[in-house]
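> Sending over a structure as structure tokens; questions will come in a sec.
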Amino acid sequence: MLFVSILISQFVTCLTQPDFFERPPPPDWFFPGPLRPWGPPPPWHRNRGPPPFGPPPPWDRPPPPWRRPPWHRRPPWGLPPPPPPPEPEPQQDQPQVMFSQDIDKVVNSVNQNTAAFQRPGESYDKVIQIMSSYFNRKSGSQYDINTVIPSSGIYNNEMAANSKIAAVMFESDMALTVSQMNKVAQNGFRVKRKMNLNGTTWSRNIPYRFLDTDGNWQSQITNGLRHYERNTCIRFSLNGGGSDYLVFSKGEGCYSSVGRLGGPQEISIGDGCETLGIITHEVGHALGFWHEQARPERDSYVRINRQNAINGLEGQFDKRSWSEVNEYSLPYDYGSVMHYGPKSFSKSSTMNTVEPVDPAFINTIGNRVEPSFLDLKLLNTAFCSNICTNRINCQHGGYADPNNCGQCTCPTGLEGTYCERLQTSNCGVELPRADYSWRNISYSGSSDCYWRIVSANGGNVRFELTYVMYRCSPVCEEFVEMKAEYSHEATGYRQCCKAVLGERISKGNSVLIISKATQNSQFVLRYREDGTAPTQRPPPVRVAAPRSYSLLWSGWTRCSENCGSCGTQYRERCTSTTNCLRSAKQTRVCNTQPCAQGTTRGKRSVLQTQISHRVKRLNGWCCARFVLSRGVCVPVRTGVTHPN
């Protein structure tokens, strides 16, 4: 009975083990496999012991030692099993953003007319998604792609025409590709300064086509292309051959892609975009131009007031990094046709988002009249530098004309083979040289005129615009401009509404003055050489001699000291009004009145050498070897009593 009790106890103990009922079935290798196709089966002892994980070992090798497989232990009796891990949530696509009607037209037009957006996964919808995410991260607020940019109607630029679509364009008018937008989002800056030349450069022959038959609209675009042809080596051919070409559409606003993308690419010149400045601006993007105010050194030239920008659009004011910049050694240009205006993306027409560090340029930035001299110089440097092999010594920032290599292309206001002379005009001249007296220049008319001021002694020129009356606008389109840098290649101060410059000083020894107007305009400017005239020693006083040439003395010179009989003065005797004999010279003590009480340094007496110590003078005093007598400093005489 004892044996039976022990056996039952052991059996019950086994049943209560936690893993008794949870043991997994034996693995597949525990069961004998199928027989070999021929021959007798192997001896039974060959199958003893489990093989390692994987297929059974070859029959001609002994199996590896058996290892106990890991058991899945269950929790102790009475505790519930742990809950299963939560299933991963299914990936949900971002909600589809509803476009406004105007934006929907733009997106469809870009996708349809630009081949780069027809590749799988690279539609312009994807660009907008990346841009929205980037702007949300930059601003910390929700970016609304349907934002309408306020327009005061006084700016004649692409921002005014794009008020309903600017929020889906990078920097208001650039339709970037997915690759370009990813670089911006990842790095926070773009690839090049104003030129995007990483494998996306056009040849010098660029074909283009029109999608609209409006003759006047086509003529205005052709005029903009001819402006580039006259000033660069680039040529545009209507309906020219080639798989890569520009497509001009009359779309919703003004926009363009940047650089050569491959295949057809759209440039939209919609209503309000048909001016020379805006057309050349958008074509400039297609040629590779970025915006000027995004240069890496821009903080030395402009201040960005992000607090005045529309919420969510702060990312539209990024600048680039020095690590990937190609500047071609050209200076910052306030007058570039690619520069933002002062109120770009502003909350209000009374707030500036972009302000020049030098406030004199506030009416210069945002130019949409025509490309500046430096805009054209940059294009010629990028596209045409290998045309003129001969070196020509151009002055004042000029460069060899790619359309005539024996001639310099000169900054506005200069001309000549080497840019050495003032540009010819009916109303401008070389002004009288600036000396140390103020001179005035005034003008009234409606022509393009040029003047130049040069200092007489090689110094700087100080000038002041005292009166201005041109057609007034926040960004001057008709203006008087003053170029005062060492080189005259960069755009100068432009004024049109009122004289606010105050006195300015040129960096070099000359100033160029340019007037551009189509209606009667006036200005008044004064100028002089900076500094004061060098001090010259006055000639000695000459006394006219009688006909007998008797010897007469000149007047006494100024006393060398102010008091105390400490100073001397002299005079010369002349034989004529032009020939004084220096040997005939008289000297005397002067200014004999006593010096006031107080502390004084030792002075050199006229009768004794230096008095080197400080003396506290309680009363009026005289220099050494002089004594105060009756209010006058007189020489000390031995044995003589001097009354006070």
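Glycine residues also receive a Cβ, built from the backbone N, Cα and C atoms like all the rest.
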> Pick out which of Cys254, Cys273, Cys384 Swiss-Prot lists as the disulfide partner of Cys233.
Cys384
> So, in Swiss-Prot, which cysteine from Cys405, Cys410 is disulfide-paired with Cys419?
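Partner cysteine, according to Swiss-Prot: Cys410.
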> What residue among Cys559, Cys563, Cys622 is stated in Swiss-Prot to be the disulfide partner of Cys590?
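That would be Cys559, the partner Swiss-Prot lists for Cys590.
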> What does Swiss-Prot give as the disulfide partner of Cys563, choosing from Cys580, Cys595, Cys622, Cys623?
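Within the candidate set Cys580, Cys595, Cys622, Cys623, Swiss-Prot assigns the bond with Cys563 to Cys595.
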> Out of the recorded positions His281, Glu282, His291, give me the one sitting nearest to Cys254 (disulfide bond) by CA distance.
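Going through His281, Glu282, His291 one by one, the Cα closest to that of Cys254 (disulfide bond) is Glu282.
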> Hey, how far is Cys419 (disulfide bond) from His291 (Zn(2+) binding site), Cα to Cα, in Å?
29
> Report the member of Cys384, Cys388, Cys410, Cys563, Cys595 (the disulfide-bonded residues) whose C-beta atom has the most other C-beta atoms within 10 angstroms.
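Per the Cβ count within 10 Å, the most buried is Cys410.
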> Cα-Cα, whole number of Å: Cys559 (disulfide bond) versus His291 (Zn(2+) binding site)?
68
> For Cys595 (disulfide bond), just give me the three-state DSSP call.
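DSSP assigns Cys595 (disulfide bond) to strand.
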> Here are the disulfide-bonded residues: Cys254, Cys419, Cys590. Which has the lowest count of other Cβ atoms within 10 Å?
Cys590
> Within its own chain, what residues at least 6 apart in sequence put their Cβ under 8 Å from the Cβ of Glu282 (active site), listed in sequence order?
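Looking at Cβ-Cβ distances below 8 Å from Glu282 (active site), excluding near sequence neighbours, one finds Glu158, Asp173, Cys254, Tyr255, Ser256, Ile267, Ser268, Ile269, Cys273.
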> Measuring Cα to Cα, how far is Cys233 (disulfide bond) from Cys388 (disulfide bond) in Å?
11
